[in-house]
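TrEMBL lists 35-453 with the feature domain 'Major facilitator superfamily (MFS) profile'. The annotation transmembrane segment is assigned in TrEMBL to 28-51, 71-89, 101-119, 131-148, 155-177, 183-204, 268-291, 303-323, 330-351, 363-387, 399-419, 431-449.
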Amino acid sequence: MERPERIEDGFTTIDPLLSTGGDTPAPATLAVVFSTLVAVSGSFVFGSAVGFSSPAQDGIIKDLDLSVAEYSVFGSIWTIGAMIGAIMSGKLADLFARRGAMGFSELFCLLGWLAIIFGKNALWLDIGRLLMGYGVGIISYVVPVYIAEITPKNLRGAFTTVNQLMICCGVSLMYVVGVIINWRLLAVIGAIPCIIQLLGLFFIPESPRWLAKAGQWKECEASLQRLRGKDAYISEEAAEIKEYTETLQKLSEAKLIDLFHKKYAHSLIVGVGLMVLQQFGGVNAIAYYASSIFESAGFSGRIGSIAMVVVQIPMQVLGVLLMDKSGRRPLLMVSAAGTCLGCFLVGSSFLLQDLQLWKSSPYLALVGILVFTGSFSLGMGGIPWVIMSEIFPINVKGLAGSLVTVVNWFGSWIVSYSFNFLMLWSSEGTFFIFSAVCGVTVMFVAKLVPETKGRTLEEIQSSMNSFT
């Protein structure tokens, strides 16, 4: 198509409202918004799966006469499924394209929910939870990658962070609604977003960068035109994608060992490092065991958990709004510093309780948990996934994304499994360790994590690969 022009003072100029080239901010078109909403329906499924087990526990144990041990298997087996899904996620996203991988994952999630809805014993529940975990493992990689690949550079951070916002909303909905309805009906509610995404996938475009990698240049331009608007000038962006992709295609097909090549070292350190620090900062220990932490500190678990929900969503929304204004690095450092402070306050509460120095120490634990939850939602929850989707070049993105996602899920399993043992060893020591890890995160971000705000994916990946 011809580049849109207008006449001003006898000179021909490019209309900045229609151009997506240069530094002119690109608009959030209806196609980008709708495609993002369809994609993050999968994120809502992710959050629903996380939040389901806690409110459903009493009802399932009573109705199916399960032991605590049997329910513990049901609650934790999905992490195993998620690790399997994460291992395969990058390959599936490369093989079936981004839309195909999302549809594939949702079929497993839907089957998982159906097995739980109609399950009559522990075996069916475990099978359903395992299938759901497998689907979520794929979703956790492909959704942020798809969003990052379809959005303009000036909107990419905020739109990709909606992934984490919808996970948060899914968890919160399950917790609040699960208090008042039967667990089978709660599972039905969890299955609805699966159907929404499966239907929505038929109406959204494929990632133009995946199409370029597959050599489908006409389809790539058509997808990009649809995403940027029918009157938008896309030639510069399309040419940049094509040039970068053709350069990468001259390289041999990437293998796992290739990820450890020197030119990918910076990207790999940043991607894996952020996921390790995110998990070992204690997020899943607090998310999975919030009620017991509050009760151990001498505070009401129910009131504390509701307070977490009240704080979490507004802070997540604030993070989305700030993402493309403040940049990734400042938001990450503020968020990590806040989680450091939150864990330190909780640890101090347990220490004061053990020393019997302050009768109001339970309130310090509440403040600490809320500071941690709010700070984590502001940046550490979503930004590592945003950066993961930005820093790896298309030829290794599948393998690298799978590795990073597996590391995240494996770290989640380690922390959630070991937390109760750590608390028996030392409650205050556990949270002081989490606080120290969060402090290290601030330094890690300051020294190694690049600022990716306002840069195209190709610019980011070229600069990362040239790091020595």
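Yeah, the Cβs are placed from backbone N, Cα and C, and that goes for glycine too.
Where the transmembrane segment (71-89) meets the stretches 28-51, 268-291, 363-387, 399-419, the count of C-beta pairs under 8 angstroms peaks at 399-419. Counting C-beta pairs under 8 angstroms (sequence separation of 6 or more), the transmembrane segment (303-323) fails to reach the transmembrane segment (28-51), with fewer than 3 such pairs.
Residues 266, 269-270, 273-274, 277-278, 280-282, 285, 328-329, 332-333, 336-337, 339-341, 343-344, 346-347, 350, 368, 380, 387, 422 of the same chain lie 6+ residues outside the transmembrane segment (431-449) yet bring a C-beta within less than 8 angstroms of a C-beta in it. Contact between the transmembrane segment (101-119) and the transmembrane segment (363-387) is not supported, since fewer than 3 Cβ pairs fall under 8 Å when only residues 6 or more apart in sequence are counted. Long-range contacts of the transmembrane segment (183-204) within its own chain (CB-CB distance under 8 A, at least 6 residues past either end) are made by residues 31, 34-35, 37-39, 41-42, 44-45, 48-49, 52, 55-56, 59-60, 63, 99, 102-103, 106-107, 109-110, 113-114, 116-117, 170, 173-174, 177.
Beyond the ends of the transmembrane segment (399-419), by six or more residues, the same chain brings 76, 79-80, 82-83, 86-91, 93, 137, 140-141, 145, 254-256, 258-259, 264, 267-268, 271-272, 275-276, 278-280, 282-285, 288-289, 384, 388-389, 392, 430 to within a C-beta distance below 8 angstroms of the stretch.
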